[in-house]
Amino acid sequence: MDPIDNSSFEINYDHYGTMDPNIPADGIHLPKRQPGDVAALIIYSVVFLVGVPGNALVVWVTAFEARRAVNAIWFLNLAVADLLSCLALPVLFTTVLNHNYWYFDATACIVLPSLILLNMYASILLLATISADRFLLVFKPIWCQKVRGTGLAWMACGVAWVLALLLTIPSFVYREAYKDFYSEHTVCGINYGGGSFPKEKAVAILRLMVGFVLPLLTLNICYTFLLLRTWSRKATRSTKTLKVVMAVVICFFIFWLPYQVTGVMIAWLPPSSPTLKRVEKLNSLCVSLAYINCCVNPIIYVMAGQGFHGRLLRSLPSIIRNALSEDSVGRDSKTFTPSTTDTSTRKSQAV
């Protein structure tokens, strides 16, 4: 069998492997830890400690409401996506701590790092679905009163998850564990095969456009119309969920921006570029910043749930339940309340 051509292993923004000719082959002297890696370790720790219990609490609260409330279905699926990513953090933490060497099996190399991409696609597709729901509630209230229900919501979430899995396929297909030529340690990386540069560019473009640019443009247009309609009609009764969703959307784009920028730069810069080496040093930090998005949503829900005095008197589940509860659409619909939109008394909402 021909020896592996290590030149085909390109450093990419969705893995944590590295190939550094400055590392001694005997592996005795480990490379100096980069400041970005130190920051990433701190961020991973905080995200895990906040994200796992926070998202688990949201899942627990919304699971009881999901049978009758559309909003609960949206936020339940968001929390599940974030929780899955947070559960992979101990493995990623260990990898960064060990200078990006991989000490787990090949299956874990394929699955666990890919969870961050699955989270990205699932989150943005779910946010787009939630935003479309908000848009229709404001501009088509009568249609929503007749059609909107839990069955349709579950179907929309199912479509979002299937699309997210399909978009994550390149990471599953091209990711593998291999022996680093210089250090003889195992590295979890991406192998696009011969002539990998065009494939790497194509994957980077797909990730940028589907996971960031197109959703950003679409959601900006959507929320511009929603805000104009809300302000013009002073529909203050329907703004609670709108504010929560907008906060979640804004945080998504803020925390994923560094990840997307460095990803495109790594895909486009030639291997010999000095700039590429500098960008690669920020890779772990940018991934960790994207991970912050996995723990920030429960914090938003708590902040939006009640006033500060109310927070002191109410339990966290009650606060989250209040933040994610259904609200009326405002003046456009006279009786558009949870009882008329989400209960089983509406006509059948078959999936």
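Quick reminder: no glycine exception, Cβ is built from N, Cα and C everywhere.
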Recorded membrane side (Swiss-Prot) equal for K32 and P270: yes
Swiss-Prot annotation, disulfide partner among C109, C251, C286 for C188: C109
Phosphoserine: annotated position in Swiss-Prot, out of S8, S272, S325: S325
Secondary structure content, the topological domain 'Extracellular' (175-201) (per DSSP, counts of residues): 6 helix, 11 strand, 10 coil
Helix, strand and coil totals (DSSP H, G, I; E, B; other) for the topological domain 'Cytoplasmic' (65-69): 1 helix, 0 strand, 4 coil
